[in-house]
Structure formats: structure tokens, C-alpha cells
Amino acid sequence: MKLVLMGLPGAGKGTQAEQIVEKYNIPHISTGDMFRAAMKNNTELGKKAKSFMDNGDLVPDEVTNGIVRERLAEDDAKNGFLLDGFPRTVEQAEELENILNDLGTELDAVINIEVDKDVLMKRLTGRWICRTCGKTYHEIYNPPKVPGKCDLDGGELYQRDDDKKETVEKRLNVNMKQTKPLLDFYSEKGKLHNINGEQDIKDVFVDVEKILASF
């Protein structure tokens with residue numbers, strides 16, 4: 001079973017990825033993990049990726065694609081995998097097709113976890129952290145007993161810059177713009193399966209299982 005998992009930040013992709021790889025016994029292959037492994041193993045592509053990352057530059061497609069090619073050729077990916085964080089562009093999606101074609105296989109499905117932007121905003125901007133002990137709260141899902149104060153030590157709660165509304169909205173807008181052409185690409189190929197990510201976590205996974213039952 002060869003899968004790509006998609007979803008905007010806050011959609012619950014990580015939770016579903018854990019459940020998919022556990023149930024179907026396939027490796028969870030994320031871009032970050034691939035880069036780290038290639039650099040740790042000191043491969044030629046790993047060295048190239050490191051040089052770009054050390055300079056704060058984006059790793060170019062030719063290096064990323066090469067690392068993906070090496071990873072998907074490994075034994076544990078022969079019977080299936082869950083790709084997470086790749087592809088990010090139509091060009092990368094086309095290269096993924098070439099890689100899988102060279103390996104004598106193809107993608108089975110692309111699962112996209114859909115969540116309305118307003119819901120994502122609530123999920124992502126609700127996090128508050130205690131300045132004293134670092135305990136994390138969420139104003140909707142795990143609120144403190146007294147607003148603005150930590151349950152454990154009464155410390156002041158603050159919000160990280162990454163969790164502030166303006167930052168989150170900008171991040172979501174960038175992601176939505178990047179993702180749309182990719183969703184259209186896979187939709188045209190009949191590979192795309194959209195799932196309602198606003199349901200309970202268990203119900204989201206039930207929908208995932210229904211899709212994967214046909215493979």
C-alpha cells in the first residue's frame with residue numbers, strides 16, 4: 001500500500017499517520033526524517049542537503065528528489081509506505097511518479113484531511129504556555145481552571161509568536177496556495193481521497209480505513 005498523506009497544519013495529520021503505519025505495518029516516511037537519515041549516513045545527497053540547510057537555504061528539488069528515490073528503494077518500502085511532507089509541488093509529484101515507475105510500482109492513494117480554515121485557526125491559536133513550568137494549555141480543548149494562570153503553580157500563561165493569529169493565518173494561507181495545484185493534480189488522476197478532519201479522531205480513522213479497504 002503506497003500512500004501520500006496531505007493536510008494543512010492543525011488538520012491532525014500526525015495522529016492519523018501514526019494509526020495508519022501501525023495498522024498497515026508500513027514505514028512512515030517524512031521529509032525531515034529522510035534528510036536526517038541521509039545526513040547521518042553521510043551520503044552524497046545528504047552532504048548536499050546539509051550544505052544548503054546550514055546556509056539557511058531551501059534544499060533544491062534535484063537533491064530532495066534524489067533522497068526520496070534512495071529512501072523508496074530501501075527494502076522496508078517495497079511493500080508500501082506512507083509519504084508525509086512530499087510531494088509539495090506538482091513538479092515533485094511528477095518526479096515521484098517517475099521514481100515509482102522506475103521501481104516498477106505506482107501510488108495507490110492520496111489521502112487529504114480537510115478542515116475548514118476557521119477551525120484550524122481555533123486549533124492552532126488556542127495554545128498557551130506557563131512561563132514558569134512550561135505546561136501547555138489550549139483555551140478550547142484543555143483550558144486552565146483560572147484564565148491566564150497555570151493550574152500547577154499559578155504562573156502567567158503566554159502565547160508563542162508562532163501561535164499568534166497573524167502568524168498562523170499567514171502560514172495557513174501560504175500552505176493553502178501551495179497545496180491547491182497538488183490536490184488538483186491528484187484529483188485529475190483519480191488518486192485523491194478527501195476526508196473530513198473535523199470529526200472525532202476515531203471517526204477520521206474509520207474513514208481512512210474505508211478508503212484503504214479497497215487496496
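Every residue number used here counts from 1 along the chain in the order it is shown.
Using the three backbone atoms N, Cα and C, a Cβ is placed for every residue, glycine included.
Other Cβ atoms within 10 Å of the Cβ of GLY14 (ATP binding site), summed over all protein chains shown, number 12. Per Swiss-Prot, the feature ATP binding site maps to GLY10, ALA11, GLY12, LYS13, GLY14, THR15, ARG127, THR136, TYR137, GLN199; the stated evidence is sequence analysis.
Residues or ranges marked as region 'NMP' by Swiss-Prot: 30-59. Summed and averaged per residue, pLDDT over the region 'NMP' (30-59) gives 90.
Note: ASP57 (AMP binding site) has no non-local neighbours, i.e. no same-chain residues 6+ apart with C-beta under 8 A of its own C-beta. DSSP gives ASP57 (AMP binding site) a coil state; it is part of no helix or strand. The AMP binding site annotation in Swiss-Prot covers THR31, ARG36, ASP57, LEU58, VAL59, GLY85, PHE86, PRO87, ARG88, GLN92, ARG160, ARG171.
Sequence-distant contacts of the region 'LID' (126-163) (same chain, six or more residues past either end, CB-CB distance under 8 Å): none. Under the heading region 'LID', Swiss-Prot lists 126-163.
Look at Swiss-Prot and you will find CYS130, CYS133, CYS150, ASP153 tagged as Zn(2+) binding site. CYS150 (Zn(2+) binding site) falls within neither a helix nor a strand when secondary structure is assigned with DSSP, and so counts as coil.
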GLY14 (ATP binding site) to ASP153 (Zn(2+) binding site) - Cα separation in whole Å: 31
Close binding-site residues near GLY12 (ATP binding site), where close means Cα within 10 Å, chosen from CYS133, ASP153, ARG160: none
Euclidean distance between Cα atoms of THR31 (AMP binding site) and GLY10 (ATP binding site), Å: 18
Length of the line joining the Cα atoms of PHE86 (AMP binding site) and ARG127 (ATP binding site), in Å: 27
Cα distance (Å, whole number) from ARG160 (AMP binding site) to CYS133 (Zn(2+) binding site): 15
Euclidean distance between Cα atoms of ARG127 (ATP binding site) and ARG88 (AMP binding site), Å: 27
